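Visitor: Feature list, courtesy of TrEMBL:
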type: TRANSMEM; residues: 12-35; note: transmembrane segment
type: TRANSMEM; residues: 188-210; note: transmembrane segment
type: DOMAIN; residues: 212-264; note: domain 'HAMP'
type: DOMAIN; residues: 286-322; note: domain 'HAMP'
type: DOMAIN; residues: 327-563; note: domain 'Methyl-accepting transducer'
Amino acid sequence: MPLFGGIQHIRVGVKFAIAGLLMVIGVAAISAAYYQTIRIVEQSQQDREQTRALAEDVGRLDALLQGMASSITETEMRFTSAAVENFSTAAQAYGNALRTSLSQLRNEEDRQSFTAALQTLGFWDTMDQLAQLNLDGSSLPVVEIREARQGLAALLTDLELRNYRLRGLVRDYERQDLITENAALAELIQLSFLSLIILGFALAVALAIAKYGVLDPVRRIQATVDAVRGGDTEARTRLESRDELGQMATVLDSLLDEKETALARQAAENKKLNDSIITLIQSVFRISQRDLTIRVPVAEDITGAVADSINQLTDSIEGVLREVSAVSSEVNETSVEVRAQSGRVIQHADKEQEEIVETLQGLDSAIQAMQLIAKLAAVSNSASKRAINTADNARGSVSATIDSINKIRQTIHEAEKRIKRLGERSQEIGGIIGLINNISERTHILSLNASMHAASAGEAGRGLMVVVDEVQRLAENSREATAEIESLIGNIQMETADTIHVINTVIEDVVAGTRQAEEAGERMEETRNTTQSLVESVVRIARSATSQAKLAQGLRERAGSINDFSRATNTEMQAQLQLSERLVRAADELQGSISVFKLQALEVQPEPALIEEAETV
């Protein structure tokens, strides 16, 4: 989802911190609404109590005013001190009640207006006169009492007007309280809806962080691991996030890629090397059976140099054997001719001497060729040693691969620890959810209390009932949302545990891959041993070439003896015949020794470049 794509690049701890902060903001909004509700209810109750007390005081003023009127009538009918005392007492009670009512007025302007009106009417002076009448009313003349009564009658008429105005103020206060209460209720409704929106947004963002930032990457990693365990070697997480889960997924993808590449490369190299070694061994075996027509295929691996050296050695041996065979045939024919035509030996002594000289030259060439073969064998031995060193280096590369796999296993173990810490953070969020549940319960209880007060208020409490219903629904929604969050946190903890189990399984697979790499190293060791055996075979071939060189040297010595015998032909004819017989037998033996080798149909001479290279080495 593009809107929440940036969540995947935030670290897991920061994600849960953001979610926790949003939850705290939502809880703070609910708490503010709760506090505002309590304040509005208390203020409404306080204003109603003040208005009710003022209404009761005004009603008491009406009753006291009627008592004063009755006292005036009684005083007019009976001019006794008891009647005057009753009137004075009623007037003083009215004055005290009036002071109390004025103190409960809300506006200082209203209090000053009523006080000024009473002073203008002379109310307080009249009260003092009534107190004087109460002290010595029996001594006053009846005429003064009647004058005071007449003044009080006019004062009572004005006081009735003041009481009527007070009742009007009470009604104004009641209307003002109703307007204030409705405005407060409207403000409370707005605040409740705002806190509900904030809480809903906080819950939505927290759920989005949990889903797109934690749950989806964990599911992709788990699906990839399951696919790999099921045999899908191409399965990869391909997560591009930069948090802990993205880093773990990247390490897992790299591990799988390196594992597949290393196994494929090692399998191909081992197969190619094994095929080359098998072909080399088969060719060497056939060459050892004296079949010099065989040529070893030259491969592009460590056996290529050995195969090329063996081919050069075979070519050189074949050339030497062809020359030796030619010389042997020539010697055989010459010996037969000498034996058959012994009478013409003396006549052809000079020619025979020339042939012997040529034979000596051919033997010298054969000796040089044998020495070249020995040098080429030494070159082959050096190439074989380089092949052994290459195998040792390959084994070192396998050991380095094993060390790299062990480091990757340690990285996965560190990721396992971080996922465990992620589970601990989810448990802390569970504590915050418990606090939200407690606030929801208290909000529900508060809404019940408010609904009871609204029901007792009657028509005036309908607006409060609407707010109470909204608050109660808000508490229920909060309870349901916290239940869903608890379920999500439980799922996160379960999937975290599953991920830890899967990572442990991956570690076991890495250990198995390490074991396979060690087995590959053992195969390289076996290859090295096989190459060592090949080196020993080349050494044996070199020794055989040295023996052939010694044999050629012996032939040269025998040819020298023939040369000496030729010079003594005239004097030792019989001895020459015997030597001819011996020469025939030696030629037959040499021909028989050479005939065991299988040569190609065309004669192939050794290349001068190869001979120069061998001489340089």
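From the backbone N, Cα and C atoms, a Cβ is placed for every residue, glycine too.
Help me picture where these features are in the structure shown.
Guide: Only residues 6 or more beyond the boundaries of the transmembrane segment (12-35), in the same chain, are considered here, and those with a CB under 8 A from a CB of the stretch are 188, 191-192, 194-195, 198-199, 201-203, 205-206, 209-210, 213-214, 243-245, 418, 422, 425-426, 428-429, 432, 435-436, 439, 442-443, 446, 471, 474, 478.
Note: the domain 'HAMP' (286-322) comprises 23 helix, 1 strand, 13 coil (DSSP; helix = H, G, I, strand = E, B).
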Visitor: Is the transmembrane segment (188-210) packed against any residues at least 6 beyond its ends, judged by a Cβ distance under 8 Å, and which are they?
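Guide: That would be 4, 7, 15-16, 18-19, 22-23, 25-27, 29-30, 32-33, 36-37, 40, 466-467, 470-471, 474, 477-478, 481, 484-485, 488, 492.
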Visitor: How does the model score the domain 'Methyl-accepting transducer' (327-563) in terms of mean pLDDT?
Guide: 73
